[in-house]
Amino acid sequence: MTDSFPFSVQESVPLSRFSTFRIGGPARYFKELTSVSEALTVFSYLHTHPLPYIIIGKGSNCLFDDQGFDGLVLYNNIQGQEFLSDTQIKVLSGSSFALLGKRLSSQGFSGLEFAVGIPGTVGGAVFMNAGTTLANTASSLINVEIIDHSGILLSIPREKLLFSYRTSPFQKKPAFIASATFQLTKDPQAAKRAKALIEERILKQPYEYPSAGCIFRNPEGLSAGALIDRAGLKGLKIGGGQISEKHGNFIINTGNACTADILELIEIIQKTLKKQGISLHKEVRIIPFRL
């Protein structure tokens, strides 16, 4: 079947290798993207040859099914960056967001210090409008290049895109994010702030275990982690999955967790908080075996 594709694909690639949860069965088809031109070829093909597909980056916000994915998984590994001016930088979407924040802050640029603790790609950060209590991706974004559903490369200025808390227009109208351009400022204190952010995250979050980061979005004015803590759920374990004792909004893989373990913990948290009149909405992407 792979011979029918006009580009190279792999079969039966374990998705656990591409998930920070370390959970997931095999992808029926798997394609690594390493350039924008390659992505254009792939999406032009998909426009005329419908096939279920998903796009992944670092897999830091995904929970794959134990059966895997019955379709094509596109792994975005398109990396690179260039300064368009002294304080504007264009970054390809498969680049590490955390590494970008670290490098820029160490060079005296402010605007993306918060990225140092976000273990995903630039494309994933734009898609989720990733951020912290201090800032989010849209705060310094000035332009996004996308490949639309018909395989055409488009450049969209920030003012034409509507972002909100952990939400971008690309969640409702899927497109492949090819690059993002950010506006920076020069600030010699940027590295100090980035270092403090990393130290705080290491102290408060369970980096020693595989996880997908925060499972739930924070309700307005509230902390999901604090709510889960107050509900007495921290430390609850099902199979190999556990609600972190360090941070209530993290579910960790203690070694042999399966998808069902994580989903059951998510359901317990949601039902428990619902009884208190609080609705928690998932931040993590649950990717089923079949779309």
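Heads up, the Cβ atoms here are built off N, Cα and C, so glycines get one too.
Pulled from Swiss-Prot:
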- R166: active site (ACT_SITE)
- C214: active site, proton donor (ACT_SITE)
- E283: active site (ACT_SITE)
- 22-187: domain 'FAD-binding PCMH-type' (DOMAIN)
(request) Average the per-residue pLDDT over the domain 'FAD-binding PCMH-type' (22-187) and send me the rounded value. (result) 96
(request) In three-state terms from DSSP, label R166 (active site) for me. (result) coil
